[in-house]
Amino acid sequence: MNLRELVSALNDFASPALAESWDNVGLLVEPSPPHTVKTLFLTNDLTEEVMEEAVRKKADLVLSYHPPIFAPLKRVTWKTWKERLVVRALENRIGIYSPHTAYDAVPHGVNNWLTKGLGTCTSVPLHPSTAPSSPAEGTHRVEFCADAEHLDAVLSKIKDIPEISCLTTLPVRVEGEEQTRVSLNCSQKALLEVMALLSQNSLLYHKTEILLLQKPLLPHTGMGRLCTLSEPLSLSDTVERIKGHLGLPHVRLALGAGRTLESPVEKVAVCAGSGSSVLKGTEADLYLTGEMSHHDVLDAVANGISVILCEHSNTERGFLSELRDALTIHLQNKINIIVSEKDRDPLQVV
């Protein structure tokens, strides 16, 4: 496939618009066009060892779940390992694409894969995603009626205010008088200017309506998951299920206040990777994530919530095999998709 065609298909699989605002997702490194992709190489972390594996396996595009370029690069030299990744990629005509939190949000993504380790359960996003393009513009809609005497002057001033969109007028009859209904979309900042303008005329001001434009929630999409098990499990059984799903000999466990290994687990809050901000304040029997801050663990324990920490990328990497199969279908078997054998969590128990 042509690289740009493939990137479009990957964006359709999980829209970059679903990623968190702080994230750096999409095509990060692009060889000069035209660039044909025969082999797509999947990894959780793009380290130098993994990059050399991609070169040996003649990859044309690396899909790295974590973005290897996050903070801006001021130069591309051989001095730092992240700069060397870019150099090696371009030398070998290898593109780099990262989906990161877009894959966290989608229903067929990382968090849903992680919940499969709990057994049969129902799950909902902890922080639902909103439709990124609805409404298209503005945070508020302002509507008011004006007579012919004031209409032109008001519209002229409104059109000078930045961040105004969807301005429409409609003839209406109000209390037997011919007037014009004005409707416009605006940003939060522009709303203050619009209302300041309308407040100069008490007749306009008292006939003004303000509507908050809320984007609809996307079903089954968003950050984290709250899982309700079909049948409660003991905490010890839950630990064993998670270890089996992730292929780990050990996890870290903090017992919630008043809890034991035999305490029942029915509700589990899940977040792949780093879960502190996503899980915080959620009512559950158990938090399952890769890592949390020490003080957030203490807060959870004090509230009677047990915590299982598996190390950051251990809660993500196993998804790659499922992703390979899903992308094979999504891309209609047009390219060869392989999973890195060198990719691994940097931490191990010794």
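Placement of Cβ uses the backbone N, Cα and C atoms for every residue, glycine included.
All annotation found in TrEMBL is predicted automatically rather than curated by experts.
Under the heading divalent metal cation binding site, TrEMBL lists H66, D104, H312, E316.
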Notebook entry, point to check: What residue among the binding-site residues D104, E316 has the most other CB atoms lying within 10 A of its CB?
Noted result: D104
Next item on the list: Return the single residue from the binding-site residues list (H66, H312) that has the minimum number of other CB atoms within 10 Å.
Entry: H66
